[in-house]
Amino acid sequence: MSTKLWASKAASYFRISTFHRAFATVSKDLKYAESHEWVKVDGSSATIGITDHAQDHLGDVVYVELPEVGASVEQFGSFGAVESVKATSDINSPVSGKVVEVNEKLDSSPALINGSPYQEGWIIKVEMNNPDEVKSLMDPDQYTKFCDKEDAKH
């Protein structure tokens, strides 16, 4: 019986200590901006969303402001906003280009960003002007270290 109690306490302890880590996942095939957006590049096409770390800090997403198809976006410039129960945050584009598709599912289901930030919760697709801009973004390991450092400040 005491072994069970010890295991239960240990599990609780580890859950609490790992919960302090602000993000659950970083996808290995993506690049990341310091403003917590991700980009998946396929040739000159880029799919963009906000990271798991960002959605975790925002809390439940209740509304997403999307740009129009055909709109131009600039690298690190704002193209929309995410409204959550805690705050409203700008969404910045990790690359420059023209919006060729928006995730219309977010109009009726903004919580897709919380539940699936890297798959179902993508925000826009862009035809990139300059694919070399991706080189200035962080890889998964750099982004993980960036988040750890940022969270240590808070």
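Just so it is clear, glycine is given a Cβ too, placed from its N, Cα and C backbone atoms.
Per TrEMBL, domain 'Lipoyl-binding' is recorded for 45-127. Residues annotated as N6-lipoyllysine in TrEMBL: Lys86.
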For the domain 'Lipoyl-binding' (45-127), report the average pLDDT of the model, please.
96
From the DSSP assignment alone, can you count helix, strand and coil residues within the domain 'Lipoyl-binding' (45-127)?
15 helix, 35 strand, 33 coil
